[in-house]
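Engineer: TrEMBL lists C:7-26, C:32-52, C:59-79, C:99-123, C:135-155, C:175-196, C:225-243, C:249-265, C:286-306, C:326-352, C:364-389, C:409-430 with the feature transmembrane segment. The feature domain 'TRAP C4-dicarboxylate transport system permease DctM subunit' is assigned by TrEMBL to C:12-425.
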Amino acid sequence: MKHYVWLMDRLSIACAVVASVLLAASAVLITWMVLYRAMGYSTYWEIELSVYMMVASMFLASPYTLMTKGHVSVDLLEHYLPFSARRALLVILALLSLAVCGWLAWATFEFALHAYTSGERSESAWSPLKWPLFMTMPIGFGLTALQYIAELARPETPEAA
Amino acid sequence: QELKLSHQFRANTDGRDRAARVFVEEVNKRDPSLKFRIYPGQSLGIKPVAQLDALQNGTLEMAIYPLSYGSGKIPEFSAVILPGTVPSLDFAMKLRGTAFHKKLQAVAHANGVHILTWWWTPGGFAAKDRAIAGPASVAGLNMRAADSTFESMLKAAGASVVSMASSEIYPALQSGVLNAILTSSETFVSLRLYEQTKHATVGGDYNLWMLLQPILMSKQHWDKLTPAQQKIFEEAAAKSEDFFLGLQRESTDKMIEAYKKAGAEVRQMTKAEFDQWIELARKTSWPEFAAKSADAKELLELLQQVK
Amino acid sequence: MSELQIGLLVLVVTLFVLFSGLPIAWGLMLVSVGFLTVFAGPASLANVPLVLIDELASFALLTIPLFILLGAAVGTSAAGRDLYESLHRLLDRVPGGLVISNILACGVFAAISGSSPATAAAIGKAGMPEMMRRGVPQGLAAGSICAGGTLGILIPPSITMILYGLSTETSIGRLFLAGVVPGIMLVVFFALYAWFQTMRHRRLIKEEAPVFYTFAQKMEGLGRVSPFIAIIIAIGFAMYGGLATPSEVAAISAILAMALVIIIYRAWRVRDQWEIFRATVRESTMILMIIAAAAVFSYMMSLLYVTQTAAQALVDLNLNRWVLLAAINVFLLVAGMFLPPVAIILMIMPILTPVLEAAQFDLIWFAVILTINLEIGLITPPVGLNLYVLRGVAPQIPLPVVLKGSMPFVIIMLFAIVLISVFPDIALWLPNRMMGFG
Ligand code: NA
Ligand code: NA
């Protein structure tokens, strides 16, 4: 299990790095688009591509956000519980979150698969395929679910500030 | 049984919402047992374009759906916005019941939806700094059109195509990100675009921009209706079409009035200008559309056979 | 079950689930999926992925990660500290200048960042140790940072205003402009309060020999602020001067800020960049997941006709306009105690918009009222993001002291709400003047 936690942490960090690159790329792309348009040229695919990259970026960063306790919650109950009960609560919450993310991964995968087989495209002038956009969802939720398993397996939970 | 009807337009003021209420009223006159629930202004929480998905998977029964929105999933739907193919409201109504209508319905059925009403909306051009006439007049402008077939024609005429959400149109025109726009007469008034554009070009008998925005019904729910109920729906649809046609005839007048009141210039597109656009469309939008599929090609041919 | 009964059940279950400590995004998803399954049948779940991705795949939403990137670039590098230091040099002779320069720095940083916690973190990191060292009372110091930080969502650009604009279909440019005068007004009120408090505690503070700066040192300070001023001007020029839409401005200003910290603060190493980007993707993902989940939640509420019935019930109460506004304010203050601003807008606005329209309240004006309410929510327990940011920056100050120090600022903000209600032009004058009436 130690190896699994180690591996998941590395994977989550790697995904966050990719997410960072994608976000930076979309900022650069939009800035370039504004300049290019100001020079009088026609632009049509840039907005959609930057949106695709942002969505991918956000889903890829989700496991890292979890690892660094970034998915905010109302952590009031936790503070009022005795230490022993606190640990049990955290385990229950992690299991629930795992179930939610797992279900979302499955549901969004079916959805993305349908778009893949039907070859659905966007209705814009550029009309890119839709499935690469949709596929970011199961990847993001799936990795988050896997990271929850790592959080459950992690030897001790450091105290939240 | 309860039928949900979703759309993105403002309740009680937008013509499409009002026509939908006429439809519901007419159905209920004939069969009070059918219950409808209208979700206006995107209030169901499903985005305008995605309503088609919800109709197809049967979670939504009905939606008012500008067919061009569906062109990503059903490329043949661009047939109802091809530039210059439906030059007037009279022509649009003449299409009802033709081979074109039947073919379009067949395409819709094959894709899990049923076209219930024949609601066409005319539109026009408006620009900030110059009057739009023929294709040469849009060169160098930043424009927003409603559909990809239109956009390829505008690009060929030398315009830049900018895409944005409808809520951004007004500030985009104000800041100059956009300096011309093509949309329905009703939208020009409802978004107060006459405040930001000083030159409007409307169609009259030479309408370049015309779009079918019908009530679409989920095919599986349409099939669940008894033949008697289907007949009731069709009668109610016909009533709503009369009502809608009246509104649309007024809509261009209302647009002209709003522009004149704002001190802006309004002109009619001339036959010569219209022909220039058609010539350009023949080289760009039309063949591009026909190349999409055999059905698309057939739709275009059927459309051109109507005189 | 009637719609209102279902609505009540949703409320109870949602509060229970969120208070259990489940992350807000997953909690909202869980409630939505549960209620859809029970009350609309499992088939209705087919739309969940659709609603989810449709909400996220929007160009307007891209502004959120981009403005967070902008804030992180400035806040994570030494740029935030420099901004604070240079303002302090200019105000060295004003009583309470130290606290006032903190508040001003918050105001300036708010004008380039769209997020309140980012503003509090950036200025707090630099300002708190300085104020502690010079004997500023803990409560006043903490309160000024907590409250000053909340200006991030009132002074444009603002993430919550963008969401409000998307939700109510009002012009984002107009909303941004509406926040300017009330934002400046709050800065002035906060500064006056700080000045007043410093005069009272004068003896405590002036123990240490005051440091005065020479003219040259002041000018050097001014030089260091100029890049920030340049970014603010660039944003204003691009947005209101005809170059770009708000979404595009977000990208341009993020790139400008990155260039600034890379060129001036030499943050070009991979490690520096990672610090900026990891903070950005982390906060953005958190917010966007909540946004996506809130979209599914609103879909559930709408499909079950809960939202519409509740709004209708509120309209049917036929409250006098001002009683209605007071009721809405109390409602927002309570919601603000428990929920972050983004979640409140996404869940509440679909219900409130028809009510506000029915009562003929101006939606642009209401955005300002709402935003100040949300600002208060950021410094009220139990869920107050700025409180937790400050706890991170100055862990030695006990929470009760922070709360007590923030309370006067809450009262000032409530006063501002009353003032803007009585004089709507405080919010509406600038947008009407720059964009015409509408
Ligand atoms: Na701001
Ligand atoms: Na709070």
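Cβ coordinates are placed from backbone N, Cα and C, and glycine is handled just like the others.
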Engineer: Any residues 6+ beyond the ends of the transmembrane segment (C:409-430) with a Cβ under 8 Å from its own?
Structural biologist: 143-144, 146-147, 150, 177-182, 185-186, 189-190, 193, 322, 325, 329, 362, 364-365, 367-369, 372-373, 375-376, 379-380
Engineer: Mind looking up the mean pLDDT for the domain 'TRAP C4-dicarboxylate transport system permease DctM subunit' (C:12-425) in the predicted model?
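Structural biologist: So the average pLDDT across the domain 'TRAP C4-dicarboxylate transport system permease DctM subunit' (C:12-425) works out to 83.
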Engineer: Among C:32-52, C:99-123, C:249-265, C:364-389, which stretch has the highest count of C-beta pairs below 8 Å with the transmembrane segment (C:135-155)?
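Structural biologist: Against the transmembrane segment (C:135-155), the leading stretch is C:99-123.
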Engineer: Which residues, given as numbers and ranges, are at least 6 beyond the ends of the transmembrane segment (C:249-265) yet have a Cβ under 8 Å from it?
Structural biologist: 62-63, 66-67, 69-70, 73-74, 77-79, 112, 114, 157, 227, 230-231, 234-235, 238-239, 243, 272, 276
Engineer: Within the same chain, where does the transmembrane segment (C:32-52) have neighbours whose Cβ lies under 8 angstroms from its own Cβ atoms, ignoring anything closer than 6 residues to its ends? I mean 6 or more beyond.
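Structural biologist: Counting only partners 6 or more residues beyond its ends, the transmembrane segment (C:32-52) has Cβ contacts under 8 Å with 1, 6, 10, 13, 292-293, 295-297, 299-300, 303-304.
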Engineer: Other than its close neighbours in sequence, what residues sit by the transmembrane segment (C:59-79), given a CB gap under 8 Å and a spacing of at least six beyond its ends?
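Structural biologist: Apart from its flanks, the transmembrane segment (C:59-79) reaches 109, 112-115, 118-119, 121-122, 125, 152, 157, 159, 162, 165-166, 172, 227-228, 246-247, 250-251, 253-254, 257-258, 260-261, 264-265, 267, 272, 275-277, 279-281, 283-284, 287-288, 291.
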